[in-house]
Amino acid sequence: MAQAVNMEPRMGASIVRLFFHECFVNGCDASILLDETTGEKNAFRNRNSARGYEVVDAIKSNVEAACPATVSCADILALAARDGVALVTWWSNMDGSAGSSGCQDSSQADANRDLSSFSASLSDIISKFKAKGLSARDMTVLSGAHTICQTACGTFRSHIYGDTDVDSSFAALRKQNCPFTGGDGNPAPLDLQTPNRFDNSNYRNVVDKKGLLHSDQELFDGGSQDSLARLYSTNGAAVARDFAAAMVKMGALSPLTGTMGEIRLNCRRRVT
Ligand code: HEM
């Protein structure tokens, strides 16, 4: 992970998101890694946006060379996500949340159902997390990962042009590289100041009405998460503590242990 992040600082973020999308759909069973046409990899929120598969492949082949058929792809992804955060932050207190092997099922339909859209409402997002046994508080702190998030114009256009809860100078700045039509792929970091550093800026942004994703601004929009978002915006230590705990909780969603899973030799293919 250190090599990967050195080559491309964004990779820490990409692996963290891969881990989230992996665990959220039928548990942490490495199903997102499978190259299957009807698998999760091709779901709406993954196709053309989930990244980092090659990094997992590279780690897996190193681990296989050192210790064959022993460490699951699910565990590799969990530990890579831990390192992905640790490498870009000033704190590093997240336990390894390994302990699962892969894989039950890789379902595009389940991923389409479970993962929220960037245009989702707060109640929709909270209910999706609740369905996984994660609280609204877990959701709010996990969304702090967007401090290292990058996205593209097509994802935030309707927010900066259509929503009323956006700071006008921020919207004007973002419109410079995101026209009303065209330029869907034009990139933008969620955090202008420290896009490659994991800190509590996502909360400062939403409190200032500078959340780039509609779904993030929902965390501070007169709803149930306002006071927590405000607290996190001024208390980086609370974010560090709660984020680590919530990641460990997410990493324990429906683990496959013992003979329930499989140790793949190649994370893209099932054993049988
Ligand atoms: C709460 C609901 C969530 C929504 C609606 C959401 C939505 C999004 C969207 C739209 C993007 C941009 C994708 C792209 O343009 O390619 C993104 C990126 C990202 N998300 Fe989330 N997300 C959510 C929760 C989370 C959680 C819980 C985590 C981690 C624990 C997370 C971590 C990330 C990261 C690190 C990125 C940047 C990935 C990269 O740059 O490759 N997100 N998210």
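Glycine is no exception: its Cβ is also placed from the backbone N, Cα and C atoms.
Ca(2+) 2 binding, as stated in TrEMBL, involves Asp191, Thr194, Asp199; the candidate among Thr140, Thr147, Thr151, Thr155 given for that site is Thr147. Cys23 (disulfide bond) sits 7 Å from Asp29 (Ca(2+) 1 binding site), taking the Cα positions as reference. Screening the recorded positions Arg17, Glu40, Cys153 for a C-beta under 6 A from any atom of ligand 1 leaves Arg17. Of all the recorded positions in the record (Val25, Cys28, Cys153, Cys267), the one with the smallest CA separation from Asp199 (Ca(2+) 2 binding site) is Cys153.
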